[in-house]
Amino acid sequence: MKAKTADKIATGVIYGIAASVAFVLIAMLAFILVRGLPHLSWHFLTAAARSFEAGGGIGIQLFNSFYLLILALLISFPIALGAAIYLNEYAKPSLFITIVRTAIEVMSSLPSVVVGLFGFLIFVVKFHLGFSILSGAIALTIFNLPILTRSIETSLSQIPNLQREAGAALGLSRFETVIHVILPASVPSIVTGVVISAGRVFGEAAALIYTAGQSAPTLDFTDWNPFNLASPLSPFRPAETLAVHIWKINSEGIMPDLSAVSAGASAVLIIVVLLFNFSARRLGNLLYKKLTNS
Amino acid sequence: MDLITEKIKKTSLSTKQDRFGKFISVSALVLIAAIVVLIFGFVLTRGLATFTTNKISVSDFLFGTNWNPSVVDKKTGMPGVGALPLILGSLAVTFLAAIIATPFAIGTAVFMTEIAKKRGAKIMQPVIELLVGIPSVVYGVIGLTVVVPAIRSIFGGTGLGILSGTIVLFVMILPTITSMTVDTLKGVPRHYRESALAIGATRWQMIYKVILRAATPGILTAIVFGMARAFGEALAVQMVIGNSATMPDSLVSPAATLTSVLTMGIGNTVMGSLQNNVLWSLAMILLLMSLIFNIVIRLIGRKGELK
């Protein structure tokens with residue numbers, strides 16, 4: 001009898017724990033959205049931020065976030081793809097592979113503030129890039145590489161060996177098999193992985209404070225020449241992102257509508273990140289259906 | 001005849017392509033390894049400068065309790081470079097957060113894998129995934145607007161401090177620990193459960209005496225992973241901890257962590273100065289701690305294998 005009571009109590013407690021975890025998430029999302037959504041407007045999403053008066057927006061920060069994300073993915077994706085292909089298709093157990101795997105593991109557990117400081121030391125100070133989009137994109141690349149490599153490697157390893165044997169039987173080289181057979185088959189899950197990592201990169205702030213900087217100079221949205229500093233595309237301008245902006249105004253902001261801007265910006269950040277997470281799997285499934293005609 | 005022999009002996013186009021592809025992919029790998037080596041190299045050389053260039057003794061740095069690098073202490077004639085308050089602050093929030101998060105994480109994971117599999121997959125899986133996805137600054141904002149005022153009204157004071165940091169970190173590392181625990185529990189072989197139930201164990205006895213025991217190494221790994229994340233987390237903690245680098249004497253008075261001092265300070269110091277060098281030494285401690293967490297995870301993994 002005693003064991004049965006214990007069982008009932010434990011089951012109840014576990015139900016309670018699971019419910020409270022779900023409640024915490026829902027409460028947090030509701031809190032951010034309820035506080036933030038009323039402040040969202042076209043003006044808020046597109047206007048420049050103001051430091052001393054009310055009525056500023058997050059337009060430039062939002063643009064910077066997306067631009068940095070795209071640049072970071074452009075740099076990190078090819079590297080991660082190459083590394084994952086080698087690890088999954090070519091690598092045989094050896095000392096070199098053990099060392100590299102350890103390196104990737106260590107890299108993935110680096111605190112992002114250390115990544116940011118490294119970027120600051122190398123790119124901002126040593127290479128005289130200053131606080132710039134380029135420095136930020138490279139810092140985000142370092143932050144993103146281990147996650148992306150691992151997720152692409154998992155995608156590749158899920159392709160059955162039958163495919164590789166079939167490729168070899170047709171006389172294809174390993175590389176040709178990878179390019180023409182393995183990669184097309186794993187596109188859906190690779191895309192899922194990339195989009196999920198994009199969500200993480202979009203919300204990252206600690207790695208950017210001292211690389212992409214904490215200021216967002218006014219941009220001239222009619223000038224698309226990347227070599228002009230006022231151009232939105234210029235990789236050499238400082239670029240405060242949305243996540244950095246939220247941190248910055250909460251720690252030292254002095255505008256009168258601070259809490260409104262902070263709430264609105266947090267809501268936008270959460271919505272974008274959730275969109276990434278939701279669409280990741282959908283996009284993967286959609287691609288899978290398109291590519292396999294099933 | 002010669003033409004054919006030549007053609008056969010020559011490296012074919014696809015071999016060349018294969019070599020090229022292999023070269024490209026291995027160089028990507030080497031690049032990643034090189035970045036890790038570079039990070040360690042640069043942070044360690046800068047971090048050690050405090051001890052080599054500025055002649056600060058390691059024990060003064062690790063065990064000194066006065067952190068105020070820009071002011072020379074009148075008694076000792078040395079700038080305040082004692083990082084103990086920061087190290088303690090970091091360790092305190094990390095361990096407290098892990099202690100609170102662990103029962104919640106294990107409970108949720110058990111719920112998802114043993115008690116309500118369907119609801120677990122349908123409701124809790126997305127909940128955990130969404131929690132993982134929430135950016136750390138958002139946790140900071142929630143901490144600042146909900147947790148800090150709540151603690152202020154309960155305990156008085158500013159509300160900023162180790163307790164607020166702990167609560168924010170608890171929610172941040174909860175999904176990490178949970179999802180890894182779920183993976184471990186799923187890895188416990190099915191016949192363990194069947195044998196336990198067959199000899200008359202209740203479900204709780206099966207969970208407590210068989211499954212959780214079998215999964216202990218994996219759960220420990222999950223906890224250490226969560227702690228590594230908590231130790232390295234910067235902004236969310238910095239926003240709620242109060243940033244006062246004094247020895248923490250209560251959970252609800254302002255304190256500081258390694259990461260919070262780093263994020264606040266590194267932009268306000270001149271490269272190469274003592275004030276800057278000690279900050280790099282803090283970064284070095286962070287780096288070494290993340291290495292130690294990694295080693296601990298490996299050791300746990302190895303011990304779990306032996307069984």
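Note that Cβ sites are derived from N, Cα and C of the backbone, with glycine treated the same way.
The annotation transmembrane segment is assigned in TrEMBL to B:20-44, B:83-106, B:127-148, B:154-177, B:210-231, B:251-271, B:278-301. Feature annotation from TrEMBL assigns domain 'ABC transmembrane type-1' to B:87-297.
With a threshold of 8 Å between CB atoms, the same-chain residues lying at least 6 positions outside the transmembrane segment (B:278-301) that come near it are 39-40, 43-44, 46-51, 54, 56, 61, 69, 81, 83, 86-87, 217, 220-221, 224-225, 227-228, 231-232, 258-259, 261-262, 265-266, 269.
With a cut-off of 8 Å between Cβ atoms, the residues of this chain six or more beyond the transmembrane segment (B:251-271) that come close are 67, 83, 85-87, 89-90, 92-93, 151, 155-163, 165-166, 232-235, 237-238, 241-245, 279, 282-283, 285-286. The recorded stretches the transmembrane segment (B:154-177) and the transmembrane segment (B:20-44) do not share 3+ CB pairs below 8 A when only pairs 6 or more apart in sequence are counted, and are therefore not in contact.
Sequence-distant contacts of the transmembrane segment (B:127-148) (same chain, six or more residues past either end, CB-CB distance under 8 Å): 108, 158-160, 164-165, 167-168, 171-172, 174-176, 178-179, 182, 233-240.
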